[in-house]
Amino acid sequence: MSHAEVSIHRFDSPCNQICDQIMDNLDEMIWSLALPDLKPIYFNAAAIKFFQRSRQELMEHRHLWLEAIATEDRRKIQQELEKAQKTDLSIFTYRIQLPTGKLRHFHARLKVFKDSSGLPIRLDAIAYEVPSDNASDRDLCDIPQANIDLEIDLEIDREQVDLNSDLIEDLTGDLTGDLTGNLTLLNEELERQIGENHRNLRDKESRNLAILHALPDLLLLLKPDGTCIECIIPSGCDKAKYLPIQHHISEVLPPETLAAQLKLYDQAIATGEVQIYEHQLFKFGKLIHEEVRIAPYCKDELVVIVRDITERKETEQQLQNLTDRLTLALKSAAIGIWERDLVRDQLVWDRGMYELYGVSPEQFTNNRLTWLNYVYPSDREIIESASQLALQGKKDYDIEFRIVLPNGSIRYIQAYALLQRDAEGIPQRFIGINFDITERKIAETKIIQTARQLANTNHELESFSYSVSHDLRAPLRHMNGFVMALQQQLQKHEALNDPKVEHYLQVIAKSSQKMGHLIDGLLTLSRYGRRSLESTQISVRVLVDEAIEILRNEPNYNPMVKFSIGDLPVVIGDPILLQQVFCNLIGNAVKFSRTRANPYITIDSLPDQTIRIQDNGVGFQIEYAEKLFGAFQRLHNEREFEGTGIGLAIVQRIVQRHGGSIWAEGYPERGATFFLKI
C-alpha cells in the first residue's frame, strides 16, 4: 500500500466506526440529505432494510424514498421540510405506503444544519414506526425528545501533511528537477485530498453526533464482564426512566437478569451478531419493560442500547385485550368476517363464515361466484346493486339477503362492509361481516302479522261499538217517549198520587238518561279512535289556556279554583285531539278538588318535557291507578262526583295515537298527579 493510500484510509476514525455501528443496529430509519436539492448522502441499515434497496440505489435515486411517502402526506412533508429549514427542527407524523398498498405510520424528527453564512446545507432525519391505531391520536408534544448528550472525542490525525513532506524528501535524492516538480504537484493534490477528507470527516461526525442526540435510548460501552466504560443517559428523558451506572452493570440489574445478560455478551462476542432481548425491572415501585440490543464493537468491548418499551407493552396488552373481547363478541353473536380482494378476485372467510353457510373450507372455492351460488337466486341482484353503489361511493354496503344452506334450509343474512382504496382512489378490497338475522326476521314477520290482526280487530270493535251505540239510541228514545207518555196519562187520571209509582217512573227516566250519556261517551270514544291525525307544531301553553277558558264557561265550574302554570313545551300533534286531552284532564282536576276549601291546580313540565297536571283533590289509591284509563271505570261514588268514566279512556286513546304515554300517581285525600309525554 502506498503512502498516499495510507494517508487517505487513516481518516476512518474509531469514533465514526462506533457511530456507524450504533446507527446500523437501531430500529429507527436514519438518513441525511444535502440541501437544497435533497440529494441523499447517508442511509443507515434500518432504512436500507425497510426500502428493500441497496445503499447505492438509495443514494443515486432520490425518487425511491420520495415515492414511498403516502400521496396524501407529500404536501405535508414539503411543509415540514420548509419548516425545518426556517426553524432548524421539525417533528411530525407521516405515512409510508408499501408496494402491497399497506400504510405504515412513522414519527419523524428533522434537523437542519447551516453553513457560516446561514444557508441550509444538510438535513438529518430519524424516523421510527408507531402503531397505526395510535398514530393519528398521539400528541407529538408528548413524544420524549431524543436529546442524547454524547461526548465523542474526535482525534483527527493531522500528520498526513508531514508524511507527504517525508515522502518528497525520500524521493528527491533519486529524481530530477522535473520529477521534483511532479512530486510537488502530487503533494499539493494529496494535501487537497487530505483537506477534503478532513471536511468530510468533520461533516460525518457532526451528522453522527446530531443523530445520536436525537435517540431516546440509553447507550452503554461495556466490557464482556459487565464493566461499564461509558454510560450515556438521554438528557431529555425522565430521570426515573434510566438509572446511572458508575462501574458495573450489576448496579442496576438483579442477579438473575444480570446472569442472562452476561451470557448474551459472550454470545455477541463469539458470533459477531447483534443480540436482542427484553427484560422487566422494578424501578421506583413500577414495573418497567426494556429492550436491550447488544452489538460487538471489538474483541473486548460491546455497544449496548437500552430502550424503555413500557408504553409499547401496555399498548400491546390493551390491543390484545381488545382483540380478545372482539373475538368473544364475534363468537357469541355468531358473526362471520370476510374479505374480498377486488384486484385478484379472491374471497377470504374466517371460521364464523363457514359456520354461517354450513360448509367446510374444503367445500368452498375462494372466489365470488362460489359464494353467489349460496345466495338465494332472486337476492343476487340486491348484492350486485349494493356492491356497485359502494364502489361508486354513493352508498355504504349495508344489505339483507337470503342464503340457501346445503341442507336446503333458508337463512336471512345481514351484511356490512367497508371499501378500501389505494392512494389514487382505486378500490382494492371489501372487508365486511355477515351475521344471521333469521330469528329476527321471523319475529318481525310475526309482529307485522299480529299488528295487522290487531288493527283489523280494533277496526271491527270500533265499528261494532259505533253500530251498537248508534242502534241503541232508537229504542232508548222510544223508552223515554213512553215514560213521558205514561206520566202524562197517569197525571190525567190522577194516578200519580201513589209515591211508589212516581218513584218507579223517576228511576226509569234517570236510567234512560244515564244510558244516553253512556252511549254518547261510547260514540265519542269510537269517533276519536277513527279520526285521522292532522299533526302540526303547537304550544301546550295555548292548549292549556284554551281548556281553562272552556271549563270556566261550564255551569258547574268552581270559581274558587286557582291555577299555577309553569313552563310548558311545544309539541307535534293534532290540535283538536290534544285540546280534548287537556280539557278532560284539567276538568277532572277541577271536579275532584271542588270539596277542598282552597282548591289549586299546578300545570308544568319536567326537564325531559313530561307534562305534569297536579291537584289537591280527593286523590285515589295508587294500586288502582291502571283502572283510571279503562272505559266506564270509576274509583269514586257517582253520587259524589258525576261522570260516565269515559273521559280518561278518551285521553289515553288520543295520547297513544300520538305515540305518547300517560300515567297517574295519587293518594287518598292528598290529591292526584297526571303525567303526560307526547
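From the backbone N, Cα and C atoms, a Cβ is placed for every residue, glycine too.
Lifted from TrEMBL, the feature list:
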type	residues	note
COILED	305-332	coiled coil
DOMAIN	322-394	domain 'PAS'
DOMAIN	397-449	domain 'PAC'
DOMAIN	467-678	domain 'Histidine kinase'
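For the domain 'PAC' (397-449), the DSSP counts in helix, strand and coil order read 12 helix, 30 strand, 11 coil. Summarising model confidence by region, the domain 'PAC' (397-449) averages a pLDDT of 91.
Residue counts for the domain 'PAS' (322-394) by DSSP state, with H, G and I taken as helix and E and B as strand, are 41 helix, 12 strand, 20 coil.
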